[in-house]
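A.B. asks: One structure follows; several queries about it will come next.
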Amino acid sequence: FRGRMALDLRLSQVRTGVAWEEVSIMDEKNIPIRTYQVCNVMEPSQSNWLRTDWIPRSGAQRIYVEIKFTLRDCNSLPGVTGTCKETFNLYYYESNNDREHYIRESNFLKIDTVAADESFTQVDIGDRIMKLNTEVRNVKVTTRKGFYLAFQDVGACIALISVRVFYKTCPLSIRNLATFPDTNTGADTSSLVEVRGSCVNQSEEREEPKMYCGADGEWLVPIGGCVCNPGYEEKGGACQALLTSADISKCCTETQPKTPNKPPSAPQQLISEVNETSVVLEWSAPLRLGGRTDIRYKAGSLGDVLFSPQQSGLGATRVCVSELQAHTRYTFTIGARNGVSQGHTARARESVSVTLTTNQAAPSPVTSIQASDVTRHDVSLAWQQPDRANGVILEYEVKYYEKNQKERSYRIMKTASRSADITGLNPLTVYVFHVRARTAAGYGEFSAPFEFSTNSDPLPLIGNAANSTLLLLSISGGVVLLLISTTVFIISHRRGQYSKAKQDLEEEKHLNPGVRIYVDPFTYEDPDQAVHEFAKEIDASNIHIEKVIGIGEFGEVCSGCLRLQGKREIYVAIKSLKAGYTDKQRRDFLSEASIMGQFDHPNIIRLEGVVTRCKPVMIITEYMENGSLNTFLRKHDGQFTVIQLVGMLRGIVSGMKYLSDMSYVHRDLAARNILVNSNLVCKVSDFGLSRVLEDESEAAYTTQIPIRWTAPEAIAYRKFTPASDTWSYGVVMWEVMSYGERPYWDMSNQDVIKAIDEGYRLPPPMDCPVCLHQLMLDCWQRDRIHRPSFTQILNILDKLIRNPTTTLRRTGGERPVPTLLEPVGGPEFVSVWSVEYWLQAIGMDMYRDTLTAAGYTSPDSLLTLTQQDMASIGIVTPSHQDQILASVQQVLLSHMQQIEEQMQDSMVPV
Ligand code: ACK
């Protein structure tokens, strides 16, 4: 099978007499299979090794190991507390020797600790049910001709069912009349292998043809190409001789060409890899290509599933299918087509199919833990149901321990509800809590740590609805921020009150900035005069520096506290100018404060003031708990919902609209220059001017431009305008949707410039809705007048977030699923929001008056609804709160989908 070295591994025991045993068992379909098993759970300190024979590397640089295994849940084994484990370790050892008899254990390098997504338990009737886990790990192997793999058991009850080892290649491909050979992917998960193509027959190089082979086996960024020689024309990726008049007359007399092109035969060797509720399908090219090279594949399945990179027109022999239901049977078909295939769908003889069952999936992590009624010994915790429960939640488990004890000793409490009263705590002690949910599929992951300190009072200090709850920001995927000291609590509480309505109000203030235009501080003769015009001088004694948090262009960035007379102490970021600066450096450094001080918007970093009268010179700004956006997203890869990501993008564009309304052009908009606070609010920062004014000579200037983020006209002839900021905004959208991936990966700046010039644009990041990618493409229009303005982008994102009040084309005439959009009349339904209809559809109409009276009359207003909000207006039953919140989510998602469908209909490829 192309792209894989599929191996049936023979496992051999490193030492005889150890715990692993070769055992034959029956699989779910009652077919006998051979397994390796170990189950030494009663004795402590186990270390039982099992290793494979030598595996040749065959030129691969990164290998993938897929392990299928079952693992027994320790809770189901009586009397094994403390000794029983639920993981094993995977190791490798590179070697040129294909027959090593003995390899010292310490020579093996660890790949990973492998845990089961599902462990199996003995059910009451004494009948064992076996649940299969599939885990894939990968590792770089570049130093020897081959390698050995080893499995170390540390006291678990495991059966290894199968081990598959493979590597990935980008398959032979023809682009721009150049052939690119079957190429092994690079050694690193982010590496791109640069490959030079060779011109097809009867063609010659127009510009050196190049492509990059990505780590996933996909070809990326074709550059250059070939052109057909005179007398030949391009057809289906090849150069064919132009017909002479003699040919034409001959052709006209013949009824059939001698060797007509045909549709391809079916793709071969379709294999599937199930990972919980997603599947990767891979296949090989058809045996017969029908005499053509323009083969494309189309994947098919019943039901609502998501294909990526796309469902049809696939050039590569691989597709990922996600959003499948847990534990459900699916049939997938892959059809092959070429330019002479008839109709829209592949016929049976042109397709191949596979049927499989998805795994059960454990629930996603619990989010939004809140603490209330904190006393010296007790606390009440409450949390929300996981975003994806993937089944009925049977119970929750709360694990907690004293922070300074780490996890050396912890306590576990189980509860069927979404709350728990924890008692018997020590006073004035910081505790760490984690909560996880369990369904029939097993436990989900624990939530991120939630910390708080008990106090010294016997009665709750914080316990009433108005100012009681330690509200932690809920991030789907379970990132919860830590709140420890009272000071932090106060700040966080203030920000916790952040609401959309309030933000709207604040934004409204800025809707009409009138004639206020940004003033370039360099127009002032005396730079200090500019600073003092726009920034407040702060006395250094009011600043208390706590720690260094980073390095900026001019010196350290610290965090600390600022206490101004008559005001509450606030947490701030402090940028300082390093010693030994020149006058020019001081001026450039302070120019940022002069610029920032002119802005006042919720999505622009706020200047608190400057220290210029003593050293070091400092700029004080509001503190952003989550630091810069690119680092933050990388840390939380895959943990946010699309709506949360779009929420961040909305904030950024709102700030950019404000800047462009003030005629300020940022010139360096990038995720690294956006800061994120604890409420996930994104703010534009970095208004340094040095990059603009540094050196006016063209060459020096170009080296300072952040090429990957900058519009072509700004690179080529320094045309910086709001439209060039729009281009950069498109790149920021891409960074956000790809969780901080580097734009254009590790391509060189020169290649980026060339690729952009040739019309190449960044592809949609994984799981990125089509409509958002379309918006990025709009921001990257070559002609800047065709790019959307920030006002337009803001409107589009708002439309995506809000429930539609505009016409949305639906695909059929069926009644809506209870996604709660009321259809009214006509074949082209107009979806109208009605709170009444929505509540009725989810059986919650008893809250109609309550919600309406509190101002929740539009889906927009519901966007920020939290459990606290509901509790405060009298919706107190947890199950009702859950139902309402889940439904709000559903409305938003269904809306995103509908917009996506609509955009797909009208999409024009670039
Ligand atoms: O990614 P980070 O943690 O966020 O590292 C950089 C570092 O300082 C150098 O710029 C952080 N930083 C800058 N300004 C602020 C701020 N206002 N609040 C919090 N962190 C900041 C930035």
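A Cβ is built for glycine as well, from the same backbone N, Cα and C atoms used for every other residue.
Pulled these features from TrEMBL for this protein:
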- Asp668: active site, proton acceptor (ACT_SITE)
- Ile549, Gly550, Ile551, Gly552, Glu553, Phe554, Gly555, Glu556, Val557, Lys575: ATP binding site (BINDING)
- Cys39-Cys157: disulfide bond (DISULFID)
- Cys74-Cys84: disulfide bond (DISULFID)
- 1-175: domain 'Eph LBD' (DOMAIN)
- 263-361: domain 'Fibronectin type-III' (DOMAIN)
- 362-457: domain 'Fibronectin type-III' (DOMAIN)
- 543-801: domain 'Protein kinase' (DOMAIN)
- 830-894: domain 'SAM' (DOMAIN)
A.B. asks: Can you tell me the mean pLDDT for the domain 'Fibronectin type-III' (263-361)?
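C.D. replies: The answer is 83, the mean pLDDT of the model over that range.
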A.B. asks: Within its own chain, what residues at least 6 apart in sequence put their Cβ under 8 Å from the Cβ of Ile551 (ATP binding site), listed in sequence order?
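C.D. replies: For Ile551 (ATP binding site), the qualifying residues are Val557.
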A.B. asks: Checking the contact step here: among the recorded positions Cys39, Cys157, Glu553, Gly555, which have a Cα within 10 Å of the Cα of Cys74 (disulfide bond)?
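C.D. replies: Passing the 10 Å Cα cut: Cys157.
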A.B. asks: Tell me which recorded positions (Cys157, Ile549, Glu553, Gly555, Val557, Asp668) have a Cβ under 6 A from ligand 1; sequence order is fine.
C.D. replies: Ile549, Val557
A.B. asks: Determine, for the ATP site, the additional residues of the same chain whose CB lies within 8 Å of the mean position of the CB atoms of Ile549, Gly550, Ile551, Gly552, Glu553, Phe554, Gly555, Glu556, Val557, Lys575; present them in sequence order.
C.D. replies: Cys558, Ser576
A.B. asks: Find the one among the recorded positions Cys39, Cys84, Cys157, Asp668 whose C-alpha lies closest to that of Gly555 (ATP binding site).
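C.D. replies: Comparing Cα positions, the candidate nearest Gly555 (ATP binding site) turns out to be Asp668.
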A.B. asks: Counting across all protein chains shown, how many other Cβ atoms sit within 10 Å of the Cβ of Glu553 (ATP binding site)?
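C.D. replies: Here the count is 15.
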A.B. asks: Return the residue, from the listed recorded positions Cys74, Cys157, Ile549, with the maximum count of other C-beta atoms within 10 angstroms of its C-beta.
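C.D. replies: That would be Cys157, with the most Cβ atoms nearby.
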A.B. asks: So, by DSSP, how many helix, strand and coil residues make up the domain 'Fibronectin type-III' (263-361)?
C.D. replies: 3 helix, 46 strand, 50 coil
A.B. asks: Across all the protein chains here, work out how many other Cβ atoms are within 10 Å of the Cβ of Val557 (ATP binding site).
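C.D. replies: Summing over all protein chains shown, Val557 (ATP binding site) has 18 other Cβ atoms within 10 Å.
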A.B. asks: So of Cys39, Cys84, which of the disulfide-bonded residues has the fewest other Cβ atoms within 10 Å around its own Cβ?
C.D. replies: Cys39
A.B. asks: Looking at the recorded positions Ile549, Glu553, Asp668, which has the shortest Cα distance to Cys84 (disulfide bond)?
C.D. replies: Ile549
